[in-house]
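Only one structure is covered here, and it is reproduced in the block below.
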């Protein structure tokens, strides 16, 4: 009991109060601040706060809330620099994908670096594009088989596929939402005066040039692109709009299978480091069946689907009958025959109508004579 009273007494002195009988009056603290009441069993504090103090606290509280809302509004209106290039309504570009490729913009032309598989892929995709386009051309120039054709390379990156198509004689426009990629592509093509005339680069998304380039191109290339867009349906619709009737769309991408997850993401990104981590998102992969369904529903008739396989040890690509990993697709914009009626059929129909009219007139004359 004595120990407890001693403890309370020392605590009272520490708090700035003193004992006086059974009550403790405040010793050193101002009266306007606080008062303490002591009993044998309890030490309690009462804080008499005047009304004007409540008013001050209320004003301070409202001011702090106002400042907080202002800060939040400023944060909402802030945009990162790389989103300004494509911050249009209905964009198909994924900002997180842009950040990934932005960090690698200077490494496109390193044939032994992270883009080595894309350099090697040209051995398959360039002949695939060239041979299918030549099926629609009766005559072509030796050495320049794609001369006279206009091609749009969507998601061109540093121009790895754009330049070979330009060397085949085509006039190519390469577009990419990452401005740093376009700068790399511009710098590389400037070393070749011939390519400098045939190739044009633009830092933009596909939907930004749809209106000005409607039905302009003989071919649209989307190589290793569709697995990075946010809205595949909108992307295919934009491709359809910029294609001429009867023109071709070429796509290379990754199938959505368990094998593609195991090899394309776990092995290629996380174990072997063939491509940087975070380059691909398995949920965005699309199967050939799904892609064909989207293409057909948007006026594009699928002509060819072929499997592709990359050997990480030899660093070469090979064609395969198996499409469970990578594959290439070729589709043609339908509607050319619907909008263009052959002149021979028109002439035949007009001749038949004239003959029918002439026979009718002859019959009427015979009736009149009788």
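In case you wondered, yes, glycine gets a Cβ from its N, Cα and C as well.
Here is what TrEMBL says about this protein:
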BINDING   125, 155, 176, 223  S-adenosyl-L-methionine binding site
BINDING   224, 227, 228  Mg(2+) binding site
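When the binding-site residues 125, 155, 176 are compared by Cα distance to residue 224 (Mg(2+) binding site), the shortest distance belongs to 155. Cα of residue 125 (S-adenosyl-L-methionine binding site) to Cα of residue 227 (Mg(2+) binding site): a distance of 17 Å.
By neighbour count, meaning other C-beta atoms within 10 Å, the densest spot among the binding-site residues 176, 224, 227 is 176. Taking the mean position of the Cβ atoms of 224, 227, 228 as the Mg(2+) site, the remaining same-chain residues with a Cβ inside 8 Å of that point are 155, 225, 226, 229, 253, 254, 280, 284. Recorded residues residue 227 (Mg(2+) binding site) and residue 155 (S-adenosyl-L-methionine binding site) have their alpha carbons 11 Å apart, per Cα-Cα distance.
Every protein chain shown contributes to the tally, and the Cβ of residue 223 (S-adenosyl-L-methionine binding site) ends up with 23 other Cβ atoms within 10 Å. Residue annotation for S-adenosyl-L-methionine gives 125, 155, 176, 223. The furthest Cα pair among them is separated by 19 Å. Residue environment of residue 228 (Mg(2+) binding site) contains 23 other Cβ atoms, counted within 10 Å of its Cβ in all protein chains. Neighbour list (residue 155 (S-adenosyl-L-methionine binding site), Cβ cut-off 8 Å, at least 6 residues apart, same chain): 175, 176, 222, 223, 224, 225, 228.
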